[in-house]
Amino acid sequence: MVEASSDTAPTPSQSKSLLKRLAGPSSTKAGQLLKAQNTTRVSILQNEKKKDKELTERIKRLLQTQNTAMKEADLAQVESTVSHVLIELESLRDTSQIIVHIDADAFFANCELLYNPDLKGKPFGVGKGVLTTASYEARKFGVRSGMAAFIAKKLCPELILLSIHPQRYSDMSKKVMAILARYDPDMLVASCDEAYLNITEYCVQHNVTAEECVFEMRRIVQEETKLTVSAGIAPNRMLAKICSDKNKPNGQFHLPFNSQAIKDFMVDLPVRKVPGIGRVLERMLESIGVTTCGDIFTHRVSIALLDKEFGLRFMLQTYLGIASNVVRPYLREERKSIGAERTFHPLADKDKILQKLEEVAEELENDMTETGWAGRTVTLKYKLDDYQVFTRAKSFERWITKKVDLFATGKELLLPELPLKIRLIGLRVTKLKDLKLSTDSGIKRYFSGPTEQTSPRKKRKISSENNQDVDYNWQDCILLDGDEEDCKTLEDELLSLTKKPASPRASAAPEGAVPTHETKPVSAKAAGKKRSIESQISCPLCGEKLNTNDNQKVNAHIDFCLSREAIQEADGQSPDAKAKSKSQANAWSWFLDPKTKPRSKGK
């Protein structure tokens with residue numbers, strides 16, 4: 001450990017926050033702070049010091065802004081405004097839906113136990129450089145996910161480090177999700193080891209309580225997969241996720257569905273427990289006196305004055321325990337990016353770094369091909385051996401999908417930065433184009449009739465008993481403590497696994513559902529004739545029948561008609577042009593004729 005000089009030594013408050021950053025959520029456990037001090041390498045320590053110092057400066061500016069606003073604002077008016085917002089939000093509370101959050105217990109670790117039962121009862125972690133998870137025996141020593149392996153080994157010298165086995169986790173995840181889909185085919189898969197379900201319909205149809213349903217669900221998962229899951233039952237997704245952590249491992253927690261019980265539950269809840277509040281926002285809230293959700297109400301005026309920093313409505317919703325209760329699969333059109341990255345022992349050799357970059361480019365090409373995406377902006381991400389993260393990006397006029405383009409772009413962005421010693425490299429593509437959408441474009445798309453899908457948020461639901469495979473990438477689902485930025489959703493879209501019955505949640509037929517009925521076979525000749533008729537359209541200008549199978553001829557014809565119409569209009573020969581000219585003349589006649597000009601009032 002390199003001693004810090006006296007002029008750079010952190011203040012006691014900075015030391016406390018720095019150690020909390022290093023130790024993570026487990027920093028309050030006995031002996032954790034001392035161990036973190038004795039085991040942190042210089043590179044990590046310096047990087048975390050830099051981040052902590054930047055955050056401290058940001059908090060100073062925040063407090064200055066708060067003091068200025070408190071002096072200048074009408075505090076009574078601000079408090080009155082906040083009260084009205086609270087009343088408005090309370091009126092929006094909906095406790096009619098039963099939302100369940102299922103979270104597998106130490107998922108990667110328990111998957112490894114299935115293949116190596118001798119690990120039972122021993123402290124072990126999954127991952128060589130950075131831990132993706134740790135067994136519950138290891139967590140007793142302060143070992144956690146997202147922790148550097150060398151720190152974990154210092155905290156727990158007996159810790160066993162295992163390599164990551166992606167296929168194992170993917171296979172087990174599919175089995176667990178298939179079981180959960182029996183209770184809600186439209187469930188939301190949040191990652192490979194967690195999902196949200198709306199079991200309102202299931203409970204009504206099977207005449208069971210929410211607790212009975214979830215208990216049965218957990219029992220079946222354990223019987224069929226030998227894995228345990230924990231569950232939270234609540235009126236919305238935020239509360240369900242919080243509740244699923246209450247009785248871990250292999251437990252469930254049911255929050256009463258009434259306003260007062262929810263407020264009582266939230267009042268003493270640490271703000272860090274709320275999804276969306278990470279360690280940075282936690283420290284900023286702590287600086288103004290907010291450590292629990294109940295403190296939000298106490299300091300509501302300060303939060304209102306600092307709305308741009310905290311978001312008043314979000315914080316008040318957190319205090320009230322109000323959030324979305326909509327559970328549906330992610331839609332393809334909601335995806336903003338697709339990427340791949342590799343973590344490895346620090347490398348300084350140029351050729352080895354480029355080899356890793358080429359592997360990432362190949363993996364990304366395969367993912368983009370399989371999932372049907374192209375993009376126009378390629379971003380290179382790399383992490384130095386001191387854990388500093390940098391990105392470089394380049395945009396194109398054309399669509400990028402191939403390995404050769406991805407690697408060439410990444411190499412072009414990386415070479416000017418060398419020499420470097422890096423431990424992570426990745427590529428990400430944004431400004432996406434969905435290659436699975438119809439390729440019809442131009443005039444053919446203009447003449448196509450209205451489609452059934454009239455809104456990007458109204459996606460056709462697919463019900464198929466044979467469609468049991470959920471295609472996703474296991475690497476997109478690793479959830480690390482306090483690393484929300486790098487956490488990516490497991491899958492953009494989860495196809496319904498069983499046909500959805502009518503229920504209180506959807507009393508009418510499911511929107512966009514495909515009706516099932518028998519159809520008579522059509523001969524090839526009749527089918528060809530039908531296609532021929534459907535491929536003809538009428539020109540909107542001259543009425544001539546056009547064949548849409550020849551896009552070039554259709555465009556040429558339309559260009560000709562438009563040009564002819566424009567020439568006639570310029571010469572005044574077109575009937576439409578003459579009528580248009582006459583109507584315009586009539587429209588302005590009142591202005592040109594003083595006798596018909598309207599007089600303004602009072603003249």
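FYI, residue positions are counted from 1 along the chain as it appears here.
Backbone N, Cα and C atoms are what each Cβ position is placed from, and that goes for glycine too.
Range 498-530 is the one annotated as region 'Disordered', of 333-365, 498-530 (source: TrEMBL). Matching 1-31, 32-62 against TrEMBL, the residues noted as region 'Disordered' span 1-31.
In the predicted structure, the coiled coil (347-374) carries a mean pLDDT of 94.
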